[in-house]
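Feature annotation from TrEMBL assigns active site, schiff-base intermediate with substrate to K200, K252. The annotation 5-aminolevulinate 1 binding site is assigned in TrEMBL to R210, R221. Positions annotated as Mg(2+) binding site by TrEMBL: E237. According to TrEMBL, the 5-aminolevulinate 2 binding site annotation covers S278, Y317.
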Amino acid sequence: MSSFPDIRPRRLRRTPALRRLVEETRIAPSELVLPLFVKEGLTEPRAISSMPGIVQHSRESLRKAAHEAVSAGVGGLMLYGVPTDDHKDETGSAGLDPDGILNVGIRDLVAEVGDATVIMSDLCLDEFTSHGHCGVLAPDGSVDNDATLAIYADLGVAQAAAGAHMVGTSGMMDGQVGVVRRGLDKAGYQDTSILAYSAKYAGAFYGPFREAVQSSLQGDRRQYQQDPPNLREALVEVDLDVAEGADIVMVKPALPYLDVIAAVRDRVNVPVAAYQVSGEYAMVEAAAANGWIDRDRAIFESLTSIKRAGAQIILTYWATEVAQKLRF
Ligand code: PBG
């Protein structure tokens, strides 16, 4: 005797054990990368109001946070340096200075955790320029692509010399991956790898980050970051980055661009990363603080969705917390 319906997908959802057995997507601590901010001259960590729970680190608290992340099994650290205002200039020269805050911070991370995780650094000029753009300006005020490339090559070498295992090219200049790759190779850093921010969109979700790095930017980055409506253009960017030597390609932001993550995953055979950015973090924290959503479930659901779309590496400000919850 059969009774309709014969096929009942609900059978596998009946108990937690059944659901666990058939779970298709699972996150591991080693796939999570923690972005960290180190601010020049701080003696105590300083809160970032639009990112509750995230701070600008002092050199000392940076080492502690790195240690904690590594103990939780986090797969990598992505470091941003925030110089004091008097160390910002038109060309972002503090990025090249071995004693500039980012290069100092990289050396601190190497000293603290060494090869126990992957130490990554932001390869861009925006934190260091007085105008806040990701490159140097041409006389007409536009961002000069090719003049910026020459500086990026030197930035890569400075960060590799400080001990970064991987540099994150995030400036969206044409040719940046190729020029950084050649610069690294010429200086003897053939083994330093490149995480390419290949499809980085000029969206609204970076707002809290601008506070985190005390950005000097007036205006926006639409002349160099991608336009949110475009998907195929992301594939052009990804193809170029792979051809120029990217070891890993990334889509950013993550949750509003799941279709882009999936398309990139289909397209290439290098690892695909996604960046759950500051605005994605802030939205969940703000809604949870109001009691409007279940914070922990929203965090796990968003990360699982990003992985399900095809990202095998996820940069997230929740990396340590999530890794701890996965482990214990
Ligand atoms: C640029 C950079 C930005 C972010 C990472 N690298 C800012 C921007 O493009 O304006 C944003 C990350 C985030 O919002 O969490 N160096």
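One is the number of the first residue shown, and numbering goes on along the chain from there.
Placement of Cβ uses the backbone N, Cα and C atoms for every residue, glycine included.
TrEMBL entries are annotated by machine, without manual review.
Fair warning: this is a prediction, and the values are worked out from it, not measured in the lab.
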- Which recorded positions (K200, R221, S278) fall within 10 Å of K252 (active site, schiff-base intermediate with substrate) by Cα distance? K200
- In sequence order, what residues of the same chain, 6+ apart, have a Cβ less than 8 Å from the Cβ of K200 (active site, schiff-base intermediate with substrate)? S170, M172, Q225, Q226, M250, V251, K252
- Report the recorded positions (E237, K252, S278, Y317) that meet this criterion: Cβ distance to the nearest atom of ligand 1 under 6 Å. Use sequence order and write none if nothing qualifies. S278
- The binding-site residues listed are E237, S278, Y317; by CA-CA distance, the one closest to R210 (5-aminolevulinate 1 binding site) is S278
- Item | Densest Cβ neighbourhood among R221, K252 (recorded positions), 10 Å radius | K252
- Note on the structure: Within 10 A of the CB of E237 (Mg(2+) binding site), the number of other CB atoms across every chain shown is 22
- Item | Residue pair S278 (5-aminolevulinate 2 binding site), R221 (5-aminolevulinate 1 binding site) - Cα distance, angstrom, rounded | 16
- Query: Expressed to the nearest Å, what is the distance separating Y317 (5-aminolevulinate 2 binding site) and R221 (5-aminolevulinate 1 binding site) at their Cα atoms?
  - Reply: 23
- Message: Rounded to a whole angstrom, what is the C-alpha distance between R221 (5-aminolevulinate 1 binding site) and E237 (Mg(2+) binding site)?
- Response: 16
